[in-house]
Amino acid sequence: MAAPAVSGFSRQVRCFSTSVVRPFTKLVRPPVQIYGIEGRYATALYSAASKQNKLEQVEKELLRVAQLLKEPKMAASIMNPYIKRSIKVKSLNDMTTKEKFSPLTSNLMNLLAENGRLNNTPGVISAFSTIMSVHRGEVPCSVTTASPLDEATLSELKTVLQSFLSKNQILKLEVKTDPSIMGGMIIRIGEKYVDMSAKTKIQKLSRVMREVF
């Protein structure tokens, strides 16, 4: 039963890789469109995994692939452009068999190898993660402060930020510190950007003072 799905997935990725638009109507459309080669592979994978109800499984497997490719020995045998493609395919088959990856993930890696696109693997994984994040209703938000926030302030901040989201959206918060902003905070939520840092306020004040004097 798995062979037709894998074969279909192969055709989908090849069609996307050669910019053939017609098969797109057969795909399960992702919640967000990712452009470029990585986006095409990720979109085709999302469609195939969605049809088989294996989105979460494939996502976990891709994160594992990302970890494995950071290992020097694995990276040397797969990502090196001077190594023969047949050797890369064998290394990939050994890896996917050892890790017991699903046919979807295994086939993706083989396709990347066959098409000479293994260097695009990190980008494909990143694109798929982005699609899955939107699929879950996650809204990325980064908050930068000059010094770490205490628990009470952080909790209040989360409540305020969550209030700007709809009920089916999930806040995915990342808090960073950057002493150079001097105070206040910089917030980026979704496509919105708000700079309330002391550094920016001082710069604005400086410009106003120059105009006055």
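Please read every residue number as a count from 1 along the shown chain.
In case you wondered, yes, glycine gets a Cβ from its N, Cα and C as well.
Per Swiss-Prot, N6-acetyllysine is recorded for Lys54, Lys60, Lys73, Lys100, Lys158, Lys172, Lys176, Lys192 (among others). Annotation source Swiss-Prot lists N6-succinyllysine at Lys90, Lys100, Lys158, Lys199. Residues annotated as motif 'SIFI-degron' in Swiss-Prot: 5-23. The transit peptide annotation in Swiss-Prot covers 1-23 and is backed by similarity to another entry.
What Swiss-Prot annotates, mapped onto the structure for a quick look.
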| residue | record | contacts (Cβ under 8 Å, 6+ apart) |
| --- | --- | --- |
| Lys54 | N6-acetyllysine | Ser102, Leu104 |
| Lys60 | N6-acetyllysine | none |
| Lys73 | N6-acetyllysine | none |
| Lys90 | N6-succinyllysine | none |
| Lys100 | N6-succinyllysine | none |
| Lys158 | N6-succinyllysine | Leu171, Leu173 |
| Lys172 | N6-acetyllysine | Ser133, Glu138, Val139, Pro140, Cys141 |
| Lys176 | N6-acetyllysine | Ser142, Val143, Thr144, Thr145 |
| Lys192 | N6-acetyllysine | none |
| Lys199 | N6-succinyllysine | Ser180, Ile181, Met182, Gly183, Gly184 |
Model confidence over the motif 'SIFI-degron' (5-23), averaged pLDDT: 44
Lys54 (N6-acetyllysine): secondary structure state under DSSP, collapsed to three categories: coil
